[in-house]
Amino acid sequence: MECKDVISWTTMIGLLIDLEYASYALELFSRMRDSGISHDTVVIMNLISACAIIGDLKRGRKVHAQAVVCGFGSELTLVNSLITMYSKCGDLNSSRTVFDQTSQKSLVSWTAMILGYAQNGHPRKALNLLVEVRLEENFFLDPTMLVGALTASGGLAALELCQQLHCFAFEAGVSSHRQVQNSLISTYSKCGTVELAHTVFKEMGYLQDIISWNAIINGYGINGDGDTALALYYEMRSCGEGPDSATYQSILSACSHAGLVDNGLMIFNQMVEENRIRPSQEHYGCVVDLLSRAGCLPDAIGFASKFLDGTGPDVWRALLSGCLLHGNVGLAELAASRIFEQDPEGSDQVVLLSNVYASVGRFQEAESLRSSLKKKGLLKNPGISLLNGIPYDSG
């Protein structure tokens with residue numbers, strides 16, 4: 001095209017974002033600006049979406065500044081996109097500032113902020129906003145806002161609240177909305193009522209998708225029923241629904257917590273050899289955790305060493321946790337040293353190694369490690385957890 005105008009540039013940038021090439025979209029905008037083409041609010045919104053997708057907070061702030069300079073900063077649709085972008089980049093303070101400075105908030109504004117809190121681990125703040133929007137703004141809950149509220153109630157394991165939200169969904173006529181049902185499955189599972197989660201799953205019928213299957217498999221896994229999680233995994237495959245990366249993470253975790261070592265290793269091989277899915281750090285961590293929990297510590301260290309070049313600190317932390325379960329000091333020290341190489345400022349590995357020493361009666365070494373953390377101001381307030389029925393300091 002010889003003569004590119006703002007419409008051509010905007011269309012191409014939007015297309016790249018739709019195709020999940022957010023980085024290329026941002027590069028194309030730089031070329032557009034270098035060409036002297038002025039940009040409008042549509043381009044700015046596309047750029048905000050791109051920054052949200054790739055989690056580029058620094059560039060997101062620059063785009064926000066450009067929007068203000070161009071006079072677009074107070075447009076509600078753009079403001080809503082900014083709230084979402086900052087939330088997805090983990091900057092909830094900026095997200096809340098934009099939200100609070102918006103005088104005429106829409107339902108989308110409230111929903112974006114509620115989802116931001118819920119998805120970033122602040123369920124109480126999400127629910128406080130939900131109460132506020134219901135009492136002061138008199139908005140009726142839409143599917144997206146319900147998902148945010150359900151995510152928050154799942155984070156608090158608040159069963160009664162989840163059931164109330166389920167009732168709201170019926171009242172609003174969105175109880176059969178796929179996104180709402182998937183969230184209900186996940187939330188009921190986190191509240192420890194996987195039977196209710198399975199009821200919702202079965203009621204979905206033809207609406208079941210990969211997210212539904214993953215949610216119910218994960219639900220049984222986190223509730224300690226690895227056998228049912230396995231059965232659902234194979235049922236899913238027999239129904240023609242291909243497992244994805246998240247499916248394998250859920251089922252491997254379920255096998256780990258249920259001690260199903262052979263099943264877990266077989267499924268890991270299926271993922272790599274049959275489905276050609278490249279394992280992530282989370283998958284490696286699940287396998288190491290699977291072997292460690294079962295007491296197969298030499299196998300766990302062998303597995304981790306085999307993938308050493310691609311093994312992050314979380315994988316070694318899984319092994320270190322297994323060493324705590326079985327009191328293996330030698331491997332614990334090796335795992336801790338590998339974590340220190342990759343995360344020298346971290347304190348979790350020091351606390352875990354200290355607990356390993358304490359579990360075998362080496363209290364002087366345990367105290368020495370904790371003292372070093374105290375001097376650096378890195379030791380958290382101690383907490384008490386149960387390990388096989390024995391109280392221990394989770395530090």
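Glycine too: its Cβ is placed from the backbone N, Cα and C atoms.
Nobody curates TrEMBL annotations by hand; they come from automatic prediction.
What TrEMBL lists as repeat 'PPR' is 5-39, 209-243, 244-279.
Averaged across the repeat 'PPR' (244-279), the predicted model reaches a pLDDT of 93. Helix, strand and coil residue tallies for the repeat 'PPR' (244-279), in that order: 28 helix, 0 strand, 8 coil [DSSP].
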